[in-house]
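Participant: Let me give you the structure first, and then I'll get to my questions.
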């Protein structure tokens, strides 16, 4: 068969969706692939609450402003936290936090438990400030230290731009809650400049052995944004990283679009080493909370089946053990839980009292959480792997990988199954 006929056969082949990622891998090998997303599996964890504050992860930082049954004076995010403290006090408090929230021993324990990667969220303000920003800087020193620890303990890293100016989603984990100004003014261009800074430093040869992906932006709220403008941002962000010399994977988060939505975007041959990041949760609506455990597991299994069909390599960049939204401030400071009927006009499903502390979990709930975790692990093994959210939390056990492993709820080793073959893969 001559080359022209071969190319035509490939173009119209029904197996193209599977052959293209392989071609992508071959091209990457020639460019110096530092992670094989086609065959290797990420077993990773997020280091959330470190360089971008999240009240539900470290409520102790915010509790100084809390009163019994009154959160009205509590800052809702890092923007308002630093604004309330002022630059000098915020610098002092956050330096101590950056220095202590994750330490070298955490990385050592991650390796011990069988993890091979970490995803590190960080905000734009760590690299460049807007004139009016109350944020403080100093995070980069600790990010560099984290990369040294990751290298020492053979952990690969995704650097995840978790917050953009104006906020890309209005979530507290973007740094600025209840705002959606990412696509306004010069904010997109400013974000691209930040990505260029990240790419020039962490996409270079010094970090090729440890940084295997740079995420352009975490969880842009696609249903509320101009998706065409977002696609332009992704394209330019990709180009900025490649122009900086980076060969690492360029990660795009799915923007809350259905699986498969990005199949015809950033495709070969013009774009290479692109990975789609999916975040999977089932607790942020009343409809999800009312599902039976069997329904939860069916949904989780379908994530795996759907991921197998996608054009791009894909990874579950966030997921958790949560079957409730009972963790304090999970939905935001000043907001209750849907599960207990205290938020979002949700019906009452039950009291949160017994779900906050793992020691008081009903035995059936403990079993259900284990089943749910195992089903998700099975599903994400059909993809490029996973990053659990989060490595640790002060009081939110359903989101605390270290605590779940210690309690025997999360499989250890990860292939250990009490409920095998729930998905039938």
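Glycine too: its Cβ is placed from the backbone N, Cα and C atoms.
What Swiss-Prot records for this protein is below:
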type	residues	note
ACT_SITE	219	active site, proton donor
ACT_SITE	318	active site, nucleophile
DISULFID	301-423	disulfide bond
DISULFID	326-352	disulfide bond
SIGNAL	1-19	signal peptide
Participant: Which one is it, among the recorded positions 219, 301, 352, 423, that lies nearest to residue 318 (active site, nucleophile) by Cα separation?
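Facilitator: Closest by Cα distance to residue 318 (active site, nucleophile) among the recorded positions 219, 301, 352, 423: 219.
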Participant: Can you grab the distance from residue 326 (disulfide bond) over to residue 423 (disulfide bond)? Cα atoms, rounded to a whole Å.
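Facilitator: Cα-Cα, rounded: 27 Å.
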Participant: Looking at the disulfide-bonded residues 301, 352, 423, which has the shortest Cα distance to residue 219 (active site, proton donor)?
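Facilitator: Comparing Cα positions, the closest of these disulfide-bonded residues turns out to be 301.
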Participant: Return the count of C-beta atoms lying within 10 angstroms of the C-beta of residue 219 (active site, proton donor), excluding that atom itself.
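Facilitator: Excluding its own Cβ, residue 219 (active site, proton donor) sees 22 Cβ atoms within 10 Å.
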Participant: Would you find the one among the recorded positions 301, 318 whose Cβ has the most company, meaning other Cβ atoms within 10 Å?
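Facilitator: Result of the Cβ crowding comparison: 318.
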Participant: Fewest neighbouring Cβ atoms within 10 Å: which of the disulfide-bonded residues 326, 423?
Facilitator: 423
Participant: Under a three-state reduction of DSSP output, how is residue 423 (disulfide bond) classified: helix, strand, or coil?
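Facilitator: The residue in question, residue 423 (disulfide bond), is coil (DSSP, three-state).
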Participant: Just counting, how many other CB atoms are there within 10 A of the CB of residue 352 (disulfide bond)?
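Facilitator: Result for residue 352 (disulfide bond): 18 neighbouring Cβ atoms inside 10 Å.
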